[in-house]
Amino acid sequence: MKQEGSARRRGADKAKPPPGGGEQEPPPPPAPQDVEMKEEAAAGGGSTGETAGKTAAAAAEHSQRELDTVTLEDIKEHVKQLEKAVSGKEPRFVLRALRMLPSTSRRLNHYVLYKAVHGFFTSNNATRDFLLPFLEEPMDTEADLQFRPRTGKAASAPLLPEVEAYLQLLMVIFLMNSKRYKEAQKISDDLMQKISTQNRRALDLVAAKCYYYHARVYEFLDKLDVVRSFLHARLRTATLRHDTDGQATLLNLLLRNYLHYSLYDQAEKLVSKSVFPEQANNNEWARYLYYTGRIKAIQLEYSEARRTMTNALRKAPQHTAVGFKQTVHKLLIVVELLLGEIPDRLQFRQPSLKRSLMPYFLLTQAVRTGNLAKFNQVLDQFGEKFQADGTYTLIIRLRHNVIKTGVRMISLSYSRISLADIAQKLQLDSPEDAEFIVAKAIRDGVIEASINHEKGYVQSKEMIDIYSTREPQLAFHQRISFCLDIHNMSVKAMRFPPKSYNKDLESAEERREREQQDLEFAKEMAEDDDDSFP
């Protein structure tokens, strides 16, 4: 047994590799099945990625087709609203269709418009052939929607002018959003020719929208002066026809046209010679008030400019039109500074206004402290932005306000100060300039002081009690007027029932007479009841 155990150990020692670096047998090669399986797995992974990509693309295409289908159905519904407005002579149905125009215009594409033009322009081949070259013909597949809104007798009937104008307006908006302004101009010119030959009250609301986008296309092409005579002609026609929406839109377009070329005198004449319709919607009112505010500000009527621009902000939409509110706030801040008032800091902290009003916040700080050096620094840094905003001319006028504020701050800080020190603090060229500015501030009532010309210093007078002046009374008057204006505008904005609603209702005197007769009749009945008993 011992011999067998030692033999086994010797056999095991021989089977072990030598410890000293002897050659080892190479490991067996991997099974070919494993290699094939890995290759198949890699190939399977690649095909899975391609399949996932194709699936995602197919899903995106399917969702886009569904969105296009919904858009076409919306356009079909809007056309029904227009037809209902024409047949029932109810303009509110037109308003309902136009109210959805911004939402519809964002979903327009070549496929939707191609299907809409083919589906609606069934009897008018000339207009269809004119519009289709501006669109790319889509690749038809079996899954494409067969859009046929007009079938049978309706397909051969002529399209209503309101519907035709609406569909062409969609084309203009799509081309304008695609920055194809030349092509949009051709369609818009053709649309204006068709509208000019029509005299239909149901078309007035659609035409007002067409006027706006027509002028917008020419503005993008920098040809606003070309379209001015056309807008004047349409304004005369709209006024004669008592078209309030057309009047409001065309007046605002003409004012925008004049202000674009800085023709403030012509704009002022247009405002004075025309009457803005009271029945116009709030958006047109907000635009009109902003344009008149710009005119008043240029003509040094700052109080009136502030009033109109405050009303413009009040008329503007609360949660949208952020760009419009930013533009109005920029001009309003400059006007308030020119009036010698400091805007509320909360204006600059609103999230939608904070970034755009940052240069004006720095400008306000410079004016508030009377720091002429900081004012010049802000002007140099943001001069191009102020010019783009159209406020640079007004901001240049603020230099005198900055100097006046600096003089007032110096007067409050020192009871007596030399003219040379004032010139140094205000960064003026000489003490003579400081003497002139201080004398003008005394004459305007900015400070209460006297100048000693011989010794060259300014002596401030004792401060008077502000409550003994008319300033508190004027401040209260301004606030009360503001509250009364809000009340009056709120009452005007309310909707009241028509006067015909009260025709069948009795007056107060008739009601009193009826109640008196009822009382007498009740007494007679009571006496009859008493007489019936023995």
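Backbone N, Cα and C atoms are what each Cβ position is placed from, and that goes for glycine too.
Taken from Swiss-Prot, the feature compositional bias 'Basic and acidic residues' applies to 1-16 (among others).
The region 'Disordered' feature in Swiss-Prot is assigned to 1-68 (among others).
Look at Swiss-Prot and you will find Lys38 tagged as SUMO1 cross-link, backed by similarity to another entry.
The SUMO2 cross-link feature in Swiss-Prot is assigned to Lys38; the stated evidence is similarity to another entry.
Residues annotated as compositional bias 'Low complexity' in Swiss-Prot: 49-61.
Mean model confidence for the domain 'PCI' (286-465) is a pLDDT of 83. According to Swiss-Prot, the feature domain 'PCI' maps to 286-465, an assignment based on sequence analysis.
If you look up Swiss-Prot, you'll see Ser418 (among others) marked as phosphoserine. All chains included, 16 other C-beta atoms sit within 10 angstroms of the C-beta of Ser418 (phosphoserine).
Positions annotated as phosphoserine by Swiss-Prot: Ser430 (among others). For Ser430 (phosphoserine), the count of additional Cβ atoms within 10 Å of its Cβ stands at 11 [all protein chains shown].
What Swiss-Prot lists as region 'Disordered' is 500-534 (among others).
Taken from Swiss-Prot, the feature compositional bias 'Basic and acidic residues' covers 501-525 (among others).
In the three-state DSSP scheme, Ser418 (phosphoserine) is classed as strand. Counting only the Cα atoms, the space from Ser430 (phosphoserine) to Ser418 (phosphoserine) is about 12 angstrom.
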